[in-house]
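I have placed the structure first, in the form of structure tokens, so that the comments after it can refer back to it.
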Amino acid sequence: MTQSVPLLLRAARGENVDRPPVWMMRQAGRYMKVYRDLRDKYPSFRERSENPDLSYEISMQPFRAFKPDGVILFSDILTPLPGMGIDFDIVESKGPLIKDPIRNESQIKTLRALSPSESCPFVGEVLKRLRDSVGNEAAVLGFVGAPWTLAAYVVEGKSSKNYAVIKAMAFQEPELLHKLLDHFADSIANYLCYQIDSGAQVVQMFDSWAGQLSPIDYETFAAPYQKKVIDLVKKTHPETPMILYISGSAGVLERMGRTGVDIVSLDWTVDMAEGCARLPQNVGIQGNVDPGLLFGSPESIRARIIDTVKKAKGRKFILNLGHGILPGTPEENARVFFEAGKSVNELISQT
């Protein structure tokens, strides 16, 4: 029976659905009071994301509050790094810090192949519990960072404004960078397969910093490794829909559609109608409401959702933001977003 399959999974597979499913990137997080209360009690981000009880609880907070159509694992794209021999910490308000940035070949040679069941079994445990808890009321989503973005963090050593260190490596020692990217592609594909085997029904790959590359360099340093991850996962899990997100992707949108991914997640700088026109019909679209709009009035949120959904008509489509929800967003406006998404057919019929 079709209805026993969650709406988001059916939509992601390209089946006909009554309405677009809706979820939000970073839907579990700082804008929610219950999350901030828990953060005060457990100030270490790594503890919150690596303790299975805490990760499960945080993943479930937005589901209990808003009943989105997707429940995404609360974790971090850097979570698999220690399993490869790269230690990191996440400092509140500063972001990730890599203990020993990767800058030479001897460091790359010492990297281990990732064994997720040994180095991050808590991820598998949380995904299993989420599947048990949400049943067919929502799809469970897993996620990873793409090779370029992981490399950007581990080479730079932290977040960066201009990515000068990794770009210097790219243009001075490209073979060195390719070795690192290739290592990450194999390990990340393995990690995604582990997440799917543990219960993830849809998975998203974040190449957050690939938008910092020119199109020609995207084709050299990002796209081939996105494609390698996708191909490796599809080899063993062909039925699992895969989503690709890049922040600032307007310049590489068509290239994203050629990676073999099932769904491209648009950021808000691309008009939904234009994004649909620029991607092949067989590639689904996710997005792409500006998260800043959630500081606006309920009327403006509803109007933008109507506009976005109308422009995506006829496409395989998942309603989402164009980036993660911002800290400080009023919780009531997040509720408006979810409720408007779920009742979008009625809202459109009233316009």
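Placed from the backbone N, Cα and C atoms, the Cβ positions cover glycine too.
Marked as substrate binding site by Swiss-Prot: ARG26, GLN27, ALA28, GLY29, ARG30, ASP76, TYR153, SER208, HIS323. For TYR153 (substrate binding site), the same-chain residues lying six or more positions away in sequence with a CB closer than 8 A to its CB are LEU78, PHE88, PRO96, ILE98, GLY145, SER159.
The site 'Transition state stabilizer' feature in Swiss-Prot is assigned to ASP76. Less than 8 angstroms from the CB of ASP76 (site 'Transition state stabilizer') sit PHE45, SER49, ILE90, PRO96, each of them six or more residues away in the same chain. In the three-state DSSP scheme, ASP76 (site 'Transition state stabilizer') is classed as coil.
When Cβ neighbours within 10 Å are tallied across all protein chains shown, the highest count among the binding-site residues ARG30, HIS323 belongs to HIS323. Each of the binding-site residues ARG26, ALA28 was scored by other CB atoms within 10 A of its CB, and the lowest score goes to ARG26.
Put simply, the two farthest-apart Cα atoms among ARG26, GLN27, ALA28, GLY29, ARG30, ASP76, TYR153, SER208, HIS323, the recorded binders of substrate, are 23 Å from each other.
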